[in-house]
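Participant: The following block contains the structure, expressed as structure tokens.
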Amino acid sequence: MQNTIYQKLLSRRVIFSLIFLLLLAAPLFMSDFRLNLLGKFLAFAILAIGLDLLWGYTGVLSLGHGIFFGIGAYCMAMYLKLEATGGTLPDFMAWSGMSELPLIWLPFQYPIIAILLGILIPAVVALFIGYLTFRNRISGVYFTILSQALVLVVVTLFVGSQNLTGGTSGLTNFKTLFGFQVNSASTQTAFYLITVVVLGLVFFACRKLIKGRFGKILVGIRDGENRMRFLGYNPSAYKTFIYTLSGGIAGLAGMLFVLQVGIISPTMIGIIPSIEMVLWVALGGRGTLIGPIIGAVLVNAAKTGFSESYPDIWTYFLGLLFVLVVVFLPKGITGLFEKWSDRRKKQDVSSSVEVEKSYS
Amino acid sequence: MFGLNEIIITLFNGISLGSILLLIALGLAITFGLMNVINMAHGELIMVGAYITYVIQNLFVNYAPPEYFDLYFIISIPVALIVAAGIGMLLEVSLIRHLYKRPLDSLLATWGIGLILQQTARSIFGAPNVGVTSPSFLTGGLEVGTLFLPYSRLFILGLSIVCLFSIFYYFYRTASGRRIRAVMQNRQMAECLGVSTRKVDMLTFAIGSGFAGVAGCALTLLGAIGPTIGTSYIIDAFMVVVVGGVGALFGAVTGAFGIGILNTVFEYVTNATLGKVLIFVVIIAFLQWRPSGLVMSRSRSLD
Amino acid sequence: MSQAVLKLKKVIVDFSGFKAINQLDFTVQSKSVHFVIGPNGAGKTTLLDVVCGKTKATTGEIKLQEKKELSKLTEDQIVHQGISRKFQAPTIFHNLTVKDNLEIAMKQKKNLFSMIKAKWTNEQKKKVNDMLDLVGLKEEQDQLAGSLAHGQKQWMEIAMVLMQEPDIVLLDEPIAGMSKKERNKTGELITKIAKDHAVLIVEHDMDFVKEYADIVSVMHEGQLLYEGSMEEVQNDPTVREVYLGRKVEENVVN
């Protein structure tokens, strides 16, 4: 009898709700500085969920999520920049000799449009690339390589278009959003809370999506794409959809990131950040939704702790982490936890238990 | 619109870039094309080759009579080949061997190795780029009318062709190369015929890695070298293999020179930024027409 | 009274010069167990490939029910026309349970947006349960498919094929690697299936063919060599010469 109560207490739903509540309550017991850091990590966690939907569930590895994240961030940053300059031309444009606002900046005067575009543009870019590659059954490592080339191209474009994007220094020096001072403690707390809520929404929406038959189809595509064709499915459509969705989620994460960090530049979205995102998912545990969140928070917390004081050691550590996770911990931290709880169950319950599905 | 000279120079630069890409892609064509391993540390093996050249140069400066200085480059090539091959072999035995059935995972793990190698180079040689003085026989260039073709670039072109033919000769004309092809085409069958697939895997990977070392050696002719020298070329080189089609030297050659020339032309006609975008668009468009690259291989298995 | 459900006309499959199937005319009758036999390389598996869309015909027509042309459709479209295929090695989803495997195989709208909304209906639940009964995997329904025994995997895959409610079932060596008992069970299953489906089977095991075949087609070098009952096939001199000639002693006559 005690076992069942114990298990109920430990059931996923209860654990998730507790974590969520704890995150919501964090402003009560955390310093502004730490809260801001946590908010940044949680923005990364949102991206990681989308990335895992694509990699962990559908088997498509993208090394290019940095750019979707980046496009979202830039969309938000463009609005903030315009808001900060108060109708005049942003400084870097004036420096590159422009006299009026370029056409593509115009929509970003309006916050709602900027926010919508921050999700839509990355999603459309993903839709376009996904359609053109998956339609031709370019998959596996080929897609992965192309996705990395995409990063190179977009970053080159952002760096090269100094007059439109601020070049290597990116966009920064923001002042207000909807009239609120972006840097004030209360606004930052609000941004943090919004990030937590968005994380919760993304998490539960994705959970709903993969819990049902749809999730089984994704796993089917991951484990046997061609077999799925002979069951009457068109995997290309599913993969394109998930890629698009995950691109949009990354854009959303990018917007929340820029609000809390106050700067976005090409180095934050390039090849190395993009592949680090994959590490978050791998360490946390691909093919689960909670794993990517754990991974994103852990890796970034470690990075913040380490890399400022010992950047060299951090790079070694990061490299080693890639190797160790892949070789010894392919299912990540949640895999460890699952193994542990399976063992518990076997000891606790003598009768046959429903086999824990690896993707739930 | 463009003068004949400019066209020829652009073409030459394109061919030169193509030959560099080919040199890098040859190693990839072996590890990726034949073994289906995405070795993300390939760029760092190039870096190893480059730093070996730098070290040997310094040894010559410090310990050899100045009249023998040029020899350092001649010696560097085989040393770079052997050291890079050795690292590759070590990598295969310790890591990649366990990940053959998980190509995406081997990609991530080798990326990690690449990071470690890069940081090691940074710790030993420092983060700033270091210069390597080209040997005197490769400075200057060939003057044809008003055209100036640097010897260093001609040399790289020659080197890539020599490497291409030696790979071709090795794979198609020697017993050892035949064994490699046998294993890559039908592992079980080769095993049944008494080929040690473990040894062959190790050897193949070592050869692919060795060529990265040679490429690194060649890159020192073009400018200063740094810990990230490999990464700047590696993505383009992977594109060469994707476009060329897997497991075919002919595809790699066409892909390398195609991308090299188009890249230079695009950058000349537009600018460096737009050139990169255009080349990506062209590659995506090309893949609409030939999704599995120039050279297709059929397989009878389902997945 | 049976009728033709599938007709191939002058089909050629050319693998860069090698004609795996050469000018093949082939007909499958409804509600029949139709075996295809022939030596290795005769084009048997290619025949299944070309029908289900895995391989495209170089030239020729493949018509379902006298009207629908299949050779231009993609694999998933062909499935929705009513053709389902079981591959030689069990290709099932190891990380899904037996029930999940049947669930995603089940005939339903399989496009992206229908699937996002998909919910179990009572009718669907009944179909899956009936199928689990038919192939005898009721007890194992919540096990991961990867944990099944080899024979069970084969039956589960047959069940997945049937869940698609096809007109024509294609089976590639369904009894390979099975014990005597499992073979008999598979044979019974095939007989049951043929009550309302056409079943086209590639098989090497002559005893099995003899026991369950309505029609046997002998293929040789990409063409149809002979077609008839097993008895007729066995007595045909050309068949004996090219194919049964070397197998007749060991397999068929004893």
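Including glycine, each Cβ sits where the backbone N, Cα and C put it.
Below, the features straight out of TrEMBL:
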{"type": "TRANSMEM", "residues": "B:20-38", "note": "transmembrane segment"}
{"type": "TRANSMEM", "residues": "B:45-65", "note": "transmembrane segment"}
{"type": "TRANSMEM", "residues": "B:71-91", "note": "transmembrane segment"}
{"type": "TRANSMEM", "residues": "B:154-172", "note": "transmembrane segment"}
{"type": "TRANSMEM", "residues": "B:203-225", "note": "transmembrane segment"}
{"type": "TRANSMEM", "residues": "B:237-262", "note": "transmembrane segment"}
{"type": "TRANSMEM", "residues": "B:268-289", "note": "transmembrane segment"}
Participant: Take a look at B:20-38, B:45-65, B:268-289 and tell me which one has the most Cβ pairs under 8 Å to the transmembrane segment (B:71-91).
Facilitator: B:45-65
Participant: Honestly, do the transmembrane segment (B:20-38) and the transmembrane segment (B:154-172) touch, with at least three Cβ pairs under 8 Å and pairs 6 or more apart in sequence?
Facilitator: yes
Participant: Would you kindly list the residues that approach the transmembrane segment (B:154-172) from elsewhere in its chain, counting only those six or more residues past its ends and only Cβ-Cβ distances under 8 Å?
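Facilitator: Distant Cβ neighbours of the transmembrane segment (B:154-172) are 15-16, 19-20, 22-23, 26, 30, 138, 141-142, 178, 180-181, 207, 211, 214, 218, 221-222, 249, 253.
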Participant: If I count Cβ-Cβ pairs under 8 A between the transmembrane segment (B:45-65) and each of B:203-225, B:237-262, B:268-289, which range comes out on top?
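Facilitator: Most contacts with the transmembrane segment (B:45-65): B:203-225.
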Participant: Can you name the far-off residues of the same chain, 6+ from the ends of the transmembrane segment (B:268-289), with a Cβ under 8 Å from a Cβ of it?
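Facilitator: Contacts of the transmembrane segment (B:268-289) (Cβ under 8 Å, skipping residues fewer than 6 from its ends): 6, 10, 239, 242-243, 259, 262.
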